[in-house]
Amino acid sequence: MDSEGGGSGGGGGGGAVKDLATPSKFVAAFFLGGLVLGASLLAVQVGISLPPSLQLPPPLWGGRRRRRRRPVRVYMDGCFDMMHYGHCNALRQARALGDELVVGVVSDDEITANKGPPVTPLHERMIMVAAVKWVDEVIPDAPYAITEEFMNKLFNKYNIDYIIHGDDPCLLPDGTDAYALAKKAGRYKQIKRTEGVSSTDIVGRMLLCVRERSTGDSHNHSSLQRQFSHGHGQKVDDGGSASGTRISHFLPTSRRIVQFSNGKGPGPDARIIYIDGAFDLFHAGHVEILRKARELGDFLLVGIHTDQTVSATRGAHRPIMNLHERSLSVLACRYVDEVIIGAPWEVSKDMITTFNISLVVHGTIAENMDFLKEESNPYAVPIAMGIYRQLESSLDITTSTIIRRIVANHEAYQKRNEKKEASERKYYEGKTYMSGD
């Protein structure tokens, strides 16, 4: 009895131990599962491959991925005539409001009807806009005003979410707002106008040059255009001259240069290509030679000559745009990785070593190619080192080409500027602070 009782007691004791072991195993299993989960998550974070025994099984719901968000597409249009850093900054701001920027370039006929004849034809303006680093897609022959038909095309065909424009008014000849329909549809966003420059202003600088040369007065011509470029013209020109020309007041900041810069240097084994020049009135010819230069290496370094150097080599009324304005225009180009602001005229051995330059290039179309025959050839060192090459220029365009277009149609552009001056004067008189950059 006792033994059986003992046996029975032992059996009873064994049953009690077994009952206690069950939750312990459950806790242990739960703890081990937690370790596996933690290890798996850690492996995902640090990129470690776990053995199959420790990998988590696929989720019970079939591992369906979250639907990817459609990119926000924004649209901005413009004439982009004589494209400058103000245009580029507007495109930069527009791109920041979305994921993809689509740009409409207004046709020659539409510009003529609404503003007067364009200085640069559509195909050149298309090259300029497509080369801006913040542009994803370009639409040619865009209308000057956003019509209902074109707006629906933007929304349905191009999947545009918002239409963008600057805070300066864009009025049609009848005085109505060119973006009224976009605003009514609730699909309009506004950016801050870039101060200190406009196409009207740039044309005005050249018209002033023509006027000063024709009057034959006693102005110091060697510094005259640099004064205009820096906004130090005569007082009558400060708010608009008798010719309807407003002189810009460009105030360069370090932040603007940072905004335009790529922010990355060349890799240790990068093939660095160097090209230099004035790059005044940045045009399609400049863009094409920069594109060709960039194709020859991994990193394109562009030297921008000083105002004094340009005046000494190109003539009394040059440059039209000052050093900082020219530097920003070049920096905005997608083919350019970095610029030297105020590059020396001569490419020295020290400079080649400092920047680890692999090849120095120059286009076949330039303002003056006589330097190759002179003793003071600025490329003498790279030529002697065997690292100099001339690139065939795709377009027969120089800064002088643009100036000649203005001079040839002096009266037409004079009328165009007088017409545009009224709206620009009104903008500046009623201007208030707007956040943004």
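Placed from the backbone N, Cα and C atoms, the Cβ positions cover glycine too.
Automated prediction, rather than curation, is the source of TrEMBL annotations.
Copied over from TrEMBL, here are the features:
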{"type": "DOMAIN", "residues": "75-204", "note": "domain 'Cytidyltransferase-like'"}
{"type": "DOMAIN", "residues": "274-367", "note": "domain 'Cytidyltransferase-like'"}
{"type": "REGION", "residues": "217-244", "note": "region 'Disordered'"}
{"type": "TRANSMEM", "residues": "26-48", "note": "transmembrane segment"}
Model confidence over the domain 'Cytidyltransferase-like' (75-204) (mean pLDDT, whole number): 91
Tally of DSSP helical, extended and coil residues in the domain 'Cytidyltransferase-like' (274-367): 34 helix, 25 strand, 35 coil
For the domain 'Cytidyltransferase-like' (75-204), residues assigned helix / strand / coil by DSSP: 48 helix, 29 strand, 53 coil
